[in-house]
Amino acid sequence: MNWMDIRIGQGYDVHALVEGRKLILGGVEIPHTRGLLGHSDADALLHAITDALFGAAGLGDIGRHFPDTDPAFAGADSRVLLREAVRRVHKAGYAVGNVDATVIAQKPKLAPHVPGMVANLAEDLGIAPERCNVKAKTNEKLGFEGKEEGIVAQAVVLIYRAEAAEQD
């Protein structure tokens, strides 16, 4: 494998915290008084990772594949969308190498839920858990995250040409 067989994608997502919604991050339902507002389940972490995958493979972005104007995706489970993104990345000739992601939320404390998020990512991406990393951060009470108005997720993924992996 040479460096031309490796690609990197970056993803970002943000959703407002609102009453009356479940808080789902990394496919894990997290007990909290508010959840994220969105057309689907609003899982900002999985949306950022999905966006990073599409970007790395040169396939556009999450909105192109799963538009929030399409009623078919209303209330969609973001784990299903992530698995479909992985399928499309594989179809484009790539395999997932690893993911590194950060979730920024003042509250609730996310660290206790990170192992569940990592397990879900490993399952959905089809890679070992040690190739999935999720970091939980606060924003030190600064900005809209710090004021508990919303949650941000950022992700970086590495993919590689699947044929190159088979040749090694």
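Including glycine, each Cβ sits where the backbone N, Cα and C put it.
Source: prediction; values computed, not measured.
Annotation source Swiss-Prot lists divalent metal cation binding site at ASP13, HIS15, HIS47. Of all the Cβ atoms in the protein chains shown, 21 others lie within 10 Å of the Cβ of HIS15 (divalent metal cation binding site).
Here Swiss-Prot flags 13-15, 39-40, 61-63, 66-70, PHE144, LYS147 as 4-CDP-2-C-methyl-D-erythritol 2-phosphate binding site. Secondary structure at HIS39 (site 'Transition state stabilizer'), taken from DSSP and collapsed to helix, strand or coil, is coil.
Taken from Swiss-Prot, the feature site 'Transition state stabilizer' applies to HIS39 (among others), supported by sequence analysis. For HIS39 (site 'Transition state stabilizer'), applying a Cβ distance below 8 Å and a minimum sequence separation of six or more within one chain yields ASP68, PHE73, ALA74, GLY75, ALA76.
Cβ-based neighbour count (10 Å, all protein chains) for THR138 (site 'Transition state stabilizer') stands at 14. Among the features that Swiss-Prot reports, site 'Transition state stabilizer' is placed at THR138 (among others).
For the recorded site, ILE62 (4-CDP-2-C-methyl-D-erythritol 2-phosphate binding site), the DSSP three-state label reads helix. Cα-Cα distance from SER40 (4-CDP-2-C-methyl-D-erythritol 2-phosphate binding site) to HIS47 (divalent metal cation binding site): 10 Å (rounded to the nearest whole number). For the recorded divalent metal cation site, residues ASP13, HIS15, HIS47 set the reference point as the centre of their Cβ atoms, and the other residues of that chain within 8 Å of it by Cβ are VAL14, LEU36, GLY38, ALA42, ASP43, ALA44, LEU45, LEU46, ALA48, ALA153. Other Cβ atoms within 10 Å of the Cβ of LYS147 (4-CDP-2-C-methyl-D-erythritol 2-phosphate binding site) number 12 in total over all chains. Cβ contacts within 10 Å of ASP70 (4-CDP-2-C-methyl-D-erythritol 2-phosphate binding site), excluding its own Cβ and spanning all protein chains shown: 10.
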